[in-house]
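J.: Dumping the structure here so I can ask a few things about it.
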Amino acid sequence: MTNYYAEITGWGKCLPPAVLSNDDLSTFLDTSDEWIRTRTGIENRRISHVNTSDLATVAAKQALARAGITAQDIDLIIVATCSPDSLIPNIASMVQKNLEIEAAAAFDLNAACTGFVYGLETGTRLIQSGAYRHALIIGAERLSFYIDWAMRDTAVLFGDGAGAVVLSRTEEAVGLQNAKSGCDAQGRDILSVPKFGTSMDRFAADNGYWDFNFVGKEIFKRAVKGMGSAAAHVLAHAGMSKDDINVVIPHQANIRIIQTLCDLSGIDQSKAFVNIQKYGNTSAATVPIALCEAVEQGHIKAGDNILLAAFGAGLTWGAGLVKWGQRVEAISESDAALPECDKSALELLKNAIELCNARRDK
């Protein structure tokens, strides 16, 4: 029986053009650039003027071009998201429609910030079964839709964006080698949007607002523990040590979490790719966006061992060990882009900020 692997052959990203800076946030929140940067490492984040599926589609087109294949070669699409355009149907089908793919398995996956790592393992296992040849694995979020813009603790953290990879079937021992995923369900309430879904009062007058529960200190402790144990598991299972890792792609939630994860794992912080300062926490999109930029900037080289680690609501956690193939250059480039945005981030958020503040004042 042939042993198949799923090589990452293409990579792409999509960041909306409207930038919301820390100084912008200080115009309507009791905060400052210094307060946010020192506690989170974040300086800017992006605010989308389009739907989550639009972000996902642009990232997917970039990944396809860099893989040197067409959309018609794709037979599996997995979109990791907790902020879809619609509940029914899934947005993977919208991405499929946008790419004009006639027939492919397409579904969404919600594991919050760990979603891309879950999706990467799921896609890899399906390709290894021999049933699929090329897969699009996408992490895409429009978290600005959920944010209570009167609540400082969460308003400063999140941003919008998408990242994507193409997985291609191969007999070479590259791609995801080992993975460990799990969920600490006892802590599911400390990071949640609890009233979105059938648990909310559908006919409530204030049905345009949802609480965003966020217990920062407890999340920090559980994030480091979850990602750390998962990372240790995949390294041990692969018979590798921390010194064998060339690059770490961690979930971009908080610079302190990234630093603590590296310190507790004994991995040099210089190996961790960090771009949280530019985009904030884009949930399921952080890992693929960071992976894409790490390749673009030359941090990932042929044959590198890459450690992925993420943590999210649920409380989900996961890690994966990826063996990069021999190609780090794009075969082609895509000119795919979002439609132009004629508003600033503050202008895009104006109505949401006013309504959130009005509710807080009641």
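All positions are counted from 1 along the displayed chain.
Note that Cβ sites are derived from N, Cα and C of the backbone, with glycine treated the same way.
These came from Swiss-Prot, pasted as-is:
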- Cys113: active site (ACT_SITE)
- His251: active site (ACT_SITE)
- 252-256: region 'ACP-binding' (REGION)
- Asn281: active site (ACT_SITE)
J.: Tell me the Cβ neighbour count for His251 (active site), meaning other Cβ atoms within 10 Å of its Cβ, over all protein chains shown.
T.: 30
J.: Using a 10 Å radius around each Cβ and all protein chains in view, which of these active-site residues has the most neighbours: Cys113, Asn281?
T.: Cys113
J.: Take the region 'ACP-binding' (252-256) and count its residues per DSSP category (helix H/G/I, strand E/B, coil), listing them in that order.
T.: 2 helix, 0 strand, 3 coil
J.: How many Å lie between the Cα of Asn281 (active site) and the Cα of Cys113 (active site)?
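T.: It is 9 Å, counting Cα to Cα.
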J.: Based on DSSP, name the secondary structure state of His251 (active site): helix, strand or coil.
T.: coil
J.: Write down the Cα-Cα distance for Cys113 (active site) and His251 (active site), rounded and given in Å.
T.: 7
J.: Is Asn281 (active site) helix, strand or coil when read with DSSP?
T.: strand
